[in-house]
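Structure record follows, encoded as structure tokens.
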Amino acid sequence: MASRLVSAMLSGLLFWLMFEWNPAFAYSPRTPDRVSETDIQRLLHGVMEQLGIARPRVEYPAHQAMNLVGPQSIEGGAHEGLQHLGPFGNIPNIVAELTGDNIPKDFSEDQGYPDPPNPCPLGKTADDGCLENAPDTAEFSREFQLDQHLFDPEHDYPGLGKWNKKLLYEKMKGGQRRKRRSVNPYLQGKRLDNVVAKKSVPHFSEEEKEAE
């Protein structure tokens, strides 16, 4: 009985392939005049399912992710709490160490700079850990950075005694202040006629006009 069923289904399949699924026998809204490979695979899979020899269809989420539309976002990352790692969540989480080698691995306290080497922004005072009334000079900035290199907050705690921003500020406070310029030096001197700004009207010198 089973052999007759198989032979009948195979003969029907061959008959269908010979006539290439003619619209006179059936209707396909996508390709009415030609059989697609997808239709053939779907038909063969149906025959194999009825015969009991079809393999179960396995779907992978990684392949399905390509079909997502619209804005997508990924949350989580290093040091952002526990994450669901792996398809079954069986990959352990590893907390990243964000401190230096010589700093105690204690996240309960802030392990930032002992004295932040930055001037106070608007609305901040020395109580916020910044430097008030910092001179706006290149010399002060240069000295500030040179003195800052004497102390590495991550690996050089013994160098803490060398860092003293109050003495540095007192040292630089007596220096010359930056003079304000009321004249732009770039606008002085003879104008170059061959330099034309973008989107400007071409300017011809008097010599070119006389030559014409």
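One is the number of the first residue shown, and numbering goes on along the chain from there.
Note: Cβ is positioned from N, Cα and C throughout, glycine not excepted.
Using a 10 Å Cβ-Cβ cutoff, CYS130 (disulfide bond) registers 17 neighbours. Per Swiss-Prot, the feature disulfide bond maps to CYS120-CYS130.
The annotation phosphoserine is assigned in Swiss-Prot to SER141 (among others) on the grounds of a large-scale study or a structure entry. The Cβ of SER141 (phosphoserine) has 14 other Cβ atoms within 10 Å, all protein chains considered. Secondary structure at SER141 (phosphoserine), taken from DSSP and collapsed to helix, strand or coil, is helix.
According to Swiss-Prot, the feature phosphoserine maps to SER205 (among others), an assignment based on a large-scale study or a structure entry.
The region 'Disordered' feature in Swiss-Prot is assigned to 171-212.
Taken from Swiss-Prot, the feature signal peptide applies to 1-26.
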Whole-number Å value for how far CYS120 (disulfide bond) lies from SER141 (phosphoserine) (Cα to Cα): 14
